[in-house]
Amino acid sequence: LGWNRPAMPTARLSSLSTSSFKAPSRERRAPLAALAAATERVREGTLSRQDAHHLFDELLGQAAAVPERGLNNFLAALARAPPSSACSDGPGLAIALFNRMSQGAGARVVSPTLCTYSILMDCCCRAGRPDLVVAFFGRLIRLGLRLEVISFSNLLKGLCKAKRSNEALDLLLHRMPELDCAPDVFSYSIVINGCFKEGEVDKACNLFHEMIQLGVQPNVAIYTSIIDALSKCGAMDKAEVVLRQMVDQGIGPNIRTYTSLIHGYSASGQWKEAVRLFKKMIRLGALPDTVMWNSFMDSLCKHRRTKDARDIFDSMAAKGQKPDIFSYSTMLNGYAKEGCFDDMTCLFNSMLQNGILPDHRVFNID
């Protein structure tokens, strides 16, 4: 896991502040306070790679132990930090800093915990280094630290990202129980999604049923993943069965659940079912955004189902979702293609009355 890094000049912990590392000071600040200030700068997007290495130059050069809580908070902040002008790769930086702690004097002042390794494995997943996830997990095992579900979950993520879902499945069903760590719903969700991404639909569905038999209750994310995969395969009858099972368990479908089913029915040409579900989704209060309204109306109009599209358009306005120029141009284009010029004229006048001016999309309708 060693990463080469050029030597950096030493910076004093006392120079750490939320505004700059260069402010002069006469006293050395405690490591916990220094790490807290650095963590705040990570969240603000102002901590550079060089700043972080300067901090660790001094942390590793002193006799006092580096506080576990402060270190873990700092590494966790780096793991979740979005790219910024100061640092483009927070997760990668966290891994590099940990490698420094693992070598030479670092091992004397730093004692990584299970939480530390879990954070680092998450960093590896975010940095696109599933190989390092496996390496960190191996080190965790060798150290004899007590294993928890979150550690396995990070390993499962790493394996699935590396398209090694078979290994993830073995870990989930065999290794975790052997090590007295019962998989939870999130562990199953990771592997089920991994199988779907590798095209292993049957394997994912079998795991889904096995999970239920073992008493692990699926959540909305797992149900939706199953429904989405079945819909993409055109297995709409099976997708509906899962939907009913979901509702029977008291778990309400969300926008993504309905969107998956609607796309599945649309792709298979079952427009009546697609419209039925769209209206049901609206009736139950799961309101889509304007983009989804417009996209569905556009699909209906392209398949010469302008009457259905108009029903959706009217539902949109009734639910307080104001139609925009895309909504109107979609409907006007649909009417034009079906020769419904009276309807087209009425809608055009309605558009003007609602204060929406025509643009090139409307003027180019033929």
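Every residue, even glycine, has its Cβ placed from backbone N, Cα and C.
Automatic prediction, not curation, is the source of TrEMBL annotations.
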Given ranges 1-27, 82-108, 244-270, the stretch to which TrEMBL attaches the annotation region 'Disordered': 1-27
Outside the repeat 'PPR' (289-323), six or more residues from its ends: residues with CB under 8 Å to it: 255, 259, 262, 266, 269, 271, 274-275, 278-279, 282, 330-331, 333-335, 337-338, 340, 343, 354, 356
Positions whose Cβ lies under 8 angstroms from the repeat 'PPR' (113-147), at least six residues beyond its ends: 1, 68, 71-72, 75-76, 78-80, 89, 91-92, 94-95, 98, 154-155, 157-159, 161-162, 164, 179, 181
Structural state census, the repeat 'PPR' (219-253) (DSSP three-state): 26 helix, 0 strand, 9 coil
